[in-house]
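One structure is given below, encoded as structure tokens.
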């Protein structure tokens, strides 16, 4: 997120050293642009004013574009939520794909309640400490028309909605750690408390003006730490607490059931990321437009990087899943950097992040865990790479495109910034993993909150175990009956994925069930 709490009524900036810089300076010295002044927060009216007697909209006169733009960004960030659901559903085996789709919509519902209850206050209250906020905005108290802590040109209710989308997306990423073996109800309880004790404190550290990382400062434009590093390490902790899936040596464990869903999910995520990064300027300045451009640039080179690795590794063969993974790795890598670097640097960050993630294909084997959705590989590792590269390549002229911020990195002679980025990575990684694992352990000892399904339920699939009469795909009545029989211990023969053993007619005729021995 942009360094928050600033006002945006400064003169426009030209590229430093360009022929236009002197011309613009001369022009603005004669006719300076008249930009509307941003309102200031009034402690006497923490909700923005008495709406029955005062038109609270007048304080934002001339600033309508900024909060309208942020509202639009919030709407398109929401598309990332079904995008992650489609992506995860496609990566899963068919017998557990519906559970991942369901969890995506349930996660945003649970997170919305948590955010309104106390999440927003714990992250963004004005009286927060360096590590976590207080309950000044408990239950959305005074979250209405007052200038937000994120930017005085944005009403607080708009800022609250936008930040809610970030929290919801992050929670959904973490839930991926329960892939194909986690019970849904405990995962949602975990989601509520994870957002409370992990996401909100880290968001406070990074983006609240009182946070210790904000004051350090670390550079994190749109969530390399609070979103990606935290979700990657937390998903790793969740997967570690659950243990490996049964029969992980079977070939079906590493094979996505639906590449079309993966492609569709990636498209929605890519589009939603324009709002994710573009809106993180918390204004509609040129810096926001630069961040949006950098988002697409990094995703594109991310695709090229992963495809190149696959092409070499598989001797001239391509992979749609690899291309989609590359796009996401590029998006993750540029998230902390989008508003700090130039487009060509964004391309470099996307490419490097993608190649590094692609080369970590065997990370699960190295760590001896079963994190089947690669949340740690793509988001944890990708986020850490992006954060370091942000410290190296941040350029003051880019951040100054909002008319206020100057954030130099190593390339501008501020080598110390790289060390500050390491501090962010270390703190967020350690805190996320330890607290997430502890939360899983606590839930294990609460009656009815055991995290993992039974071995039999895992074999038949979460869709049969956790849902009634709903599955991914076109299942015949015979197959449904067979699945239910298996769940009751009466089933026939199964293939390696746990689904009924089905023989397909070679002539394209009817599908027939293979009789059990």
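Cβ coordinates come from backbone N, Cα and C, glycine included.
TrEMBL tags one of the stretches 26-48, 187-209, 463-485 as transmembrane segment, and that stretch is 187-209.
With a cut-off of 8 Å on Cβ pairs spaced 6 or more residues apart, the transmembrane segment (261-282) and the transmembrane segment (375-398) reach fewer than 3 such pairs and are scored as not touching. By the Cβ criterion (distance under 8 Å, sequence gap of 6 or more), the transmembrane segment (187-209) is not counted as touching the transmembrane segment (288-309), fewer than 3 such pairs being found. Panel annotation: around the transmembrane segment (318-337), residues 87, 91, 219-225, 227-228, 256, 259, 262-263, 265-266, 269-270, 273, 276-277, 294-295, 297-307, 309-311, 345-346, 349-354, 356-358, 374, 378-379, 382-383, 385-387, 389-390, 393-394 of the same chain, lying at least six beyond its termini, place a Cβ under 8 Å from a Cβ of the stretch.
Under 8 Å from some Cβ of the transmembrane segment (69-91) lie the Cβ atoms of residues 97-98, 100-101, 103-105, 107-108, 154, 158-159, 161-162, 164-166, 168-169, 172-173, 176, 179, 256-269, 271-276, 278-279, 282-284, 288, 321, 324, 328, 372-373, 472, all in the same chain and six or more residues away from its ends.
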